[in-house]
Each structure stands twice: as structure tokens, then as C-alpha cells.
Amino acid sequence: TFVCPTEITAFSDRVQEFRSLNCELIACSTDSHFSHFGWICTSREEGGLGDMEIPVLSDFNKKISADYGVLLKDLGAALRGLFIIDPNGVLRHIYVNDLPVGRSVDETLRLLKAFQFVDKHGEVCPANWTPDSPTIKPTPDGSKKYFEKAGKKK
């Protein structure tokens, strides 16, 4: 679809933000490596991807898409899947969009920061958490303290 290049370039343009969080990005599509080469060799001004800061894998045989559960077999295409895998190889987040809607770089960064915060501090991140938001100590007393403060803000 025409959404794919917007996502790939959006993530590529912000790769340094991910790398500063010790995260590597990999793009993958069901197009052939020849198609990818054509997209990369075509400037953005001419409708291509242009220079890329992230690798773009070809899943032409659809195995990766099938293994990650995003393959639409009837169409021979993949849904827009995004997977956050931690340094231990643990899948921490799955984000899947239908074909006409792209994924959010900002939300992906927020989630990555949240998982890293939890791992480092042992506290949990409530709905709509951002790095400057309060967190919850995962104990009955910690939860009560969080909700006492949150309830006063209303």
C-alpha cells in the first residue's frame, strides 16, 4: 500500500532516538529485494525511500510474516506489525494495524521507554504514561498511594 513508505521513512529518520535507547530497528516487507532496491534508489522527492538508516528485509516467501502472525494469506501481504523484543529475546509488545493505517513512531518510543523504565526501576507505568509521569509501585500500598494522588488531581 502507499502507507508503507511513510512508515519506513518515519522510523528511519528517527533511528538515532531508538539507538540512544539501545534499540535497533529493522523494517521488513513482503516485497522482493529488487523492489526494495528500486525504492531505496529512488529519492523521496520522486516518490521513493531514498537513503535509509535502517535495514529493509525482504520477506518475499512470506515466512517471517507467517511466523509473526501478520500474514494475510489471501492477499499475499502482511498487516502492519511492530514487535518490541527486549535484549533477552522476550517479546514485550505486539502492535498490529490494518493495511490503510500507519504506525506511530512517537507511540513506539513511548512504549520502549516504558518497558525500559519498568525493567530498571521495578515500578509499573499506568495508562498514558510518559517519562515525566508518576509510576506505581506494584504493591497494594504503592497502588493505594498512586491512586490517592491521582484522585486528588481531578
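Using N, Cα and C of the backbone, Cβ positions are placed for all residues, glycine too.
Residues or ranges marked as domain 'Thioredoxin' by TrEMBL: 1-117. The annotation active site, cysteine sulfenic acid (-SOH) intermediate is assigned in TrEMBL to CYS4. Among the features that TrEMBL reports, region 'Disordered' is placed at 129-154. Among the features that TrEMBL reports, compositional bias 'Basic and acidic residues' is placed at 142-154.
The Cβ of the residue listed as 'active site, cysteine sulfenic acid (-SOH) intermediate' has 19 neighbouring Cβ atoms from other residues within 10 Å, across all protein chains displayed. The average pLDDT computed for the domain 'Thioredoxin' (1-117) is 96.
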